[in-house]
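Right, one structure below, let's go through it.
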């Protein structure tokens, strides 16, 4: 049985920093790579990340670097890089045999590749896994109770990684359904934007509940069409994450939707953010993949058109409400 003790984190955003703090809180050495020099300097000198995770004190055993070549001699790497930039980082990652645990959510434009698909191309032979579920970074960093899915095709790898990551307040549930975990994470971000639009436009809780329910039906159709298991989509990485991010402005995607619902321009909302609302990038990609697969995803398609500036919120609401009536199971 492999023992994973020495972890590295690739990505210094809020989620990467929170995972690093989770692992370093008991004094274990953790190495984090970030592209931003100011983030690295603050972590090393002040033990905090005021850019992406303000207010969270960090362990002195957490060290940071801007040198990706330094991410070697580690037992496992948690890769927490937004999907639009993931291929470039994987290309630069030094070779090795440490497992890659992908913690970002989304689908690559053009290739329709998920993070694990990119790893097969760019890091062949390296074991890989997915960590996904209902998590807000600031709560994990603060040690609040969290449950999450850890999926790997190799059940032994999933179990060993889960045991290494588990803490009294952080409970990974093991799965072998990698594609289900990836699809749940990608689609829920899109639906969180839709629910934020409902909130921002003042359309009420009934409308939000309907969007969550019908959005979950879209997630399930898309997931099953690509080989995901229904229980994964109904679990932490799917429905659990969907409920969390569709009901709180702490979600970047929900907050982006709120702005759209209030009538703010997508360009302004995106320009004001140093952090990434992953759903804005995932929406057009998942919508295109669904069309190619012949899967009906009207909410996803509508969000894709909204973030592309092709549709006004009022027209989007009318389009969804005027769709033909159908049985609920469809």
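Each Cβ is built from the backbone N, Cα and C atoms, and glycine gets one as well.
Pulled from Swiss-Prot:
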type: BINDING; residues: 15, 35, 105, 137, 252, 276, 278; note: NADPH binding site
type: BINDING; residues: 105, 133, 135, 188, 241, 251, 252, 253; note: sn-glycerol 3-phosphate binding site
type: ACT_SITE; residues: 188; note: active site, proton acceptor
One should report the C-alpha separation between residue 276 (NADPH binding site) and residue 253 (sn-glycerol 3-phosphate binding site), rounded to whole angstrom, as 9
For residue 105 (NADPH binding site), the close binding-site residues (Cα within 10 Å) drawn from 135, 188, 241, 251, 253 turn out to be 188
By the 10 Å Cβ-neighbour count, the most surrounded of the binding-site residues 35, 252 is 252
Quick note, residue 188 (sn-glycerol 3-phosphate binding site): same-chain residues at least 6 apart with CB under 8 Å of its CB -> 105, 219, 238, 241, 242, 245, 246
Listed in sequence order, the residues of the same chain lying six or more positions from residue 251 (sn-glycerol 3-phosphate binding site) whose CB sits under 8 Å from its CB are 136, 192, 196, 244, 245
Within the same chain, the residues at least 6 apart in sequence whose Cβ is under 8 angstroms from that of residue 137 (NADPH binding site) are 14, 15, 17, 18, 53
Students should find that the Cβ of residue 278 (NADPH binding site) has, within 10 Å, a number of other Cβ atoms equal to 25
Expressed in Å to no decimal places, the gap between the Cα atoms of residue 252 (NADPH binding site) and residue 133 (sn-glycerol 3-phosphate binding site) is 15
Between the C-alpha atoms of residue 278 (NADPH binding site) and residue 133 (sn-glycerol 3-phosphate binding site), the distance in angstrom, to the nearest integer, is 15
Taking only the CA atoms, the spacing between residue 253 (sn-glycerol 3-phosphate binding site) and residue 35 (NADPH binding site), expressed in whole angstrom, is 23
